[in-house]
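Annotated features, as they stand in Swiss-Prot:
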type	residues	note
TRANSMEM	13-33	transmembrane segment
TRANSMEM	50-70	transmembrane segment
TRANSMEM	82-102	transmembrane segment
TRANSMEM	115-135	transmembrane segment
TRANSMEM	161-181	transmembrane segment
TRANSMEM	198-218	transmembrane segment
TRANSMEM	246-266	transmembrane segment
TRANSMEM	286-306	transmembrane segment
TRANSMEM	325-345	transmembrane segment
Amino acid sequence: MEGIFAAYVLPALIIALKSVVLLVVLLIVVAYLLYADRKIWAAVQLRRGPNVVGPWGLFQAFADLLKFVFKEPIIPSGANKGVFLLAPFVSAVLAMATWAVIPVNEGWAIANINVGILYIFAISSLEVYGVIMGGWASNSKYPFLGALRSAAQMVSYEVSIGFVIVTVLLTVGSLNLTDIVLSQNTGLGTMLGLPASFLDWNWLALFPMFVIFFISALAETNRPPFDLVEAESELVAGHMIEYSSTPFLLFFLGEYVAITLMCALMTTLFLGGWLPPVDVWFLNWVPGIIWFMLKLCFCFFLFAMVKAFVPRYRYDQLMRLGWKVFLPISLFMVVATATFLKVFGLA
């Protein structure tokens, strides 16, 4: 009996505990990233932003949470009730499930699997189903149009993201996210005879792919300037028009968890994960999770600034950028990277 407990029950309990801790921390981080998003947007528009609930408005996100929870969920009379209520859960659960393999520090991942990046790509590809289900089940034309746009948009830019990931895999030789981070201890800077620093990270050696990944991540998460799924001037709120109360909150949560995931992926694939920017003794004392969070916040700041400054693309411009610009460039970079590694014996 003790052998069964040690072999099966105890590992399951540890994984469950890790999952609960990750979920709580992730929700708190998302709440304050939402607060930061609103503050940055307000600063650009010369406003104060959230400033009522708590000091400097720090508890505004939690007040909004309570407001949504205590509202009455209204289901349209012509809606498919089961699918209508299931869609937000699908969106939120899939967004949070991808975090199981993200290493926020060395050894700090719920599941340090050897196909981690493939797992993320597979699960994140399914998130579009929550949007499609919500748009279809609402039995309204505007949510349905938003869902159709979302399907086309997310599929279009997943192709470019896939080629970006392939390029990183070619340079690293592993699908394990921890290996991808550790491989950035040495890189282009070391080859040029420089001390270990942020110049070794993949953002410099694969800079075109870094830019493509960043812009594709904006489109994949329906962020401005690619927020055509919920374009206020056309579709009001897209697939979320008919949603209120907790179902709307779950859709909103899934969207921001997906944004945070893309920031974490940028940090892991291109910005050295938990590695310090310069290999000096006093920076090595700082816990790796601090560096990871600082880089994640920097990526989110870029997302927020794009939202504040860049006007929305037209739908035809969005599709043209994905298929006629990013796809050829990313495919060329995959071939060029593979050729370079083969010619110089680095494969």
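Cβ coordinates are placed from backbone N, Cα and C, and glycine is handled just like the others.
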Between the stretches 50-70, 82-102, 115-135, 325-345, which wins on the count of C-beta pairs under 8 angstroms to the transmembrane segment (246-266)?
82-102
Stretch-level contact, the transmembrane segment (198-218) and the transmembrane segment (325-345), CB cutoff 8 A, at least 3 pairs:
yes
Other parts of the chain folded back onto the transmembrane segment (50-70), taken as Cβ under 8 Å at six or more residues beyond its ends:
31-32, 34-35, 38-39, 42, 245-246, 248-249
Tally Cβ pairs under 8 Å between the transmembrane segment (286-306) and each listed stretch (13-33, 82-102, 115-135), then give the stretch with the top tally.
13-33
